[in-house]
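The coiled coil feature in TrEMBL is assigned to 76-117. Annotated compositional bias 'Polar residues' per TrEMBL: 155-164, in sequence order. Residues or ranges marked as domain 'HTH merR-type' in TrEMBL: 10-79. According to TrEMBL, the feature region 'Disordered' maps to 149-169.
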Amino acid sequence: MAKVSKTAPILTVSVAAELAGMHAQTVRQYDRLGLVVAKRTRGGGRRYSLNDVDRLTEIQRLSQDEGINLAGISRIFELRDELEKIVRAKNAMEKQLMRLRLAYAEMEKHIQSQRERQERVFAVDSSGEVTASASLELLRRQLYAAREDERQRSSRNAAHQHGSSHAALVPQSSTDWLVALIEQHVRQEMNAYEPVTDDYIDLEELDTYMKTRD
């Protein structure tokens, strides 16, 4: 057997009155007073729902058992309807708040992911090997170590070729310039909120440029 919705206006005046335990004329009077407003058919007939029957029963109880007049009952229903609206609005706001919290958490996750991507710095050393650093500080240390190894190799090669300890050293200022260039590059990328994972710094080209400056 199919279930009937409690809001479906399918009951005539006589049926609604019988279910509520009152006279049909009383039901019509409540309709005129606005206590229980019936839906209308195309022909003008009144139709009530099961919720309307519950309301009629409540009016009967408040009137007979509690001794409340119709004006007081009307006010009680007004306050009850307002309370139901407030509860519905509260529930809607809670759902909206939950959606906003989920969206905020997703945004935080995305921002953190972008920061992690932006903090990864890739470089190509003189041998052509690609190295990845988790931070600018780590890249700086790697650059210093690479420059020191290169300086020592240059010194040994120069000493071996010329039979002396005179070597072509890379000035410290050039090393500082290289690190400053890397820092400036990374800051520009981070300020633009663009990932730098595909940007490469060719140390060999930078080294050639620095030697021309010397």
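Yeah, the Cβs are placed from backbone N, Cα and C, and that goes for glycine too.
TrEMBL entries are annotated by machine, without manual review.
Not measured: the values here are computed from a predicted model.
Here the coiled coil (76-117) returns a mean pLDDT of 91 for the predicted model. DSSP places the residues of the domain 'HTH merR-type' (10-79) in helix, strand and coil in these numbers: 43 helix, 6 strand, 21 coil.
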